[in-house]
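Worksheet: one structure, shown below.
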Amino acid sequence: MTHILFAVLVLALLALAFGIILGFAAVKFHVEADPIVDQLDALLPQTQCGQCGYPGCKPYAEALANGDQINKCVPGGDATMRKIADLMGVEPQPLGGAEAAAPIKKVAFIHEDQCIGCTKCIQACPVDAIVGATKAMHTVIADECTGCDLCVDPCPTDCIEMIPVPTTVDNWKWDLANVAIPVKIVE
């Protein structure tokens with residue numbers, strides 16, 4: 001019985017000692033983070049897709065804080081770009097670059113008759129929009145898919161295709177900038 005109590009006491013003392021060392025190290029080696037980077041990172045969709053040219057959302061937030069273009073986040077879309085513009089105090093820009101028109105939103109589509117159930121696409125999807133099991137066909141949850149295109153390359157049978165999102169009453173947007181509204185002048 002004393003051996004058990006001794007072992008428990010030794011482990012408790014070791015835990016206390018390592019806790020004190022870790023606490024000291026956390027205070028001694030603390031790195032101040034830029035609050036604007038944290039705010040920008042919170043606005044980004046956290047898909048870690050890399051379409052902006054950076055390996056994830058945090059590096060893109062750091063680049064934004066250093067003056068990079070605010071319109072590179074394709075999965076975040078126009079709404080995210082406008083929130084970033086408001087936070088940074090700059091004018092909104094067209095998505096994808098000043099010379100580019102707004103990109104057509106696409107989602108992944110799996111040709112289920114060709115799918116071998118290897119799960120490589122599931123592992124590549126940063127938002128878990130692909131469901132399926134090993135050696136069973138997979139499918140994409142279209143409402144969750146951001147169109148990041150990361151699932152296409154790992155597929156060994158090339159059964160994944162990026163297709164445009166069909167226009168429905170849920171996603172249709174009226175281009176009010178190009179609509180002429182007749183005005184009757186009352187005197």
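Cβ coordinates come from backbone N, Cα and C, glycine included.
Swiss-Prot has this to say about the protein:
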- 1-26: region 'Hydrophobic' (REGION)
- 32-90: domain '4Fe-4S' (DOMAIN)
- CYS49, CYS52, CYS57, CYS73: [4Fe-4S] cluster 1 binding site (BINDING)
- 106-135: domain '4Fe-4S ferredoxin-type 1' (DOMAIN)
- CYS115, CYS118, CYS121, CYS155: [4Fe-4S] cluster 2 binding site (BINDING)
- CYS125, CYS145, CYS148, CYS151: [4Fe-4S] cluster 3 binding site (BINDING)
- 136-165: domain '4Fe-4S ferredoxin-type 2' (DOMAIN)
Can you name the far-off residues of the same chain, 6+ from the ends of the domain '4Fe-4S ferredoxin-type 1' (106-135), with a Cβ under 8 Å from a Cβ of it?
47-49, 141-142, 144-165
Far apart in sequence but close in space: which same-chain residues, 6 or more away, have a Cβ under 8 Å from CYS155 ([4Fe-4S] cluster 2 binding site)?
CYS118, LYS120, CYS121
When DSSP is mapped onto helix/strand/coil, what comes out for CYS121 ([4Fe-4S] cluster 2 binding site)?
helix
Does CYS49 ([4Fe-4S] cluster 1 binding site) have same-chain partners at least 6 apart in sequence with Cβ under 8 Å from its own Cβ, and which are they?
VAL74, PRO75, PRO126, THR146, CYS148, ASP149, LEU150
Tell me, if you would, which residue among CYS73, CYS115, CYS125, CYS148 (binding-site residues) has the fewest other CB atoms within 10 Å in the structure shown?
CYS115
So of CYS57, CYS121, CYS145, which of the binding-site residues has the fewest other Cβ atoms within 10 Å around its own Cβ?
CYS145
Determine which residues of this chain, when CYS125, CYS145, CYS148, CYS151 are set aside, have a Cβ within 8 Å of the centroid of the [4Fe-4S] cluster 3 site's Cβ atoms, and list them as they appear in the sequence.
CYS49, ALA108, CYS121, ALA124, PRO126, VAL127, ALA129, ILE130, VAL140, THR146, GLY147, ASP149, LEU150
Note the Cβ centroid of CYS115, CYS118, CYS121, CYS155, the recorded [4Fe-4S] cluster 2 site, then list each other residue of that chain whose Cβ lies within 8 Å of it, in sequence.
ILE110, ILE116, GLY117, THR119, LYS120, ILE122, HIS138, CYS151, PRO154, PRO156, THR157, CYS159, ILE160
Using the recorded [4Fe-4S] cluster 1 site (CYS49, CYS52, CYS57, CYS73) as reference, state which further residues of the same chain have their Cβ within 8 Å of the centre of those residues' Cβ atoms, listed in sequence order.
LEU44, PRO45, THR47, GLN48, GLY50, GLN51, TYR54, GLY56, TYR60, LYS72, VAL74, PRO75, GLY76
Alpha-carbon distance [CYS57 ([4Fe-4S] cluster 1 binding site); CYS151 ([4Fe-4S] cluster 3 binding site)] in Å:
18
Other CB atoms, at most 10 A from the CB of CYS52 ([4Fe-4S] cluster 1 binding site):
22
Can you give me the average pLDDT across the region 'Hydrophobic' (1-26), rounded to a whole number?
95
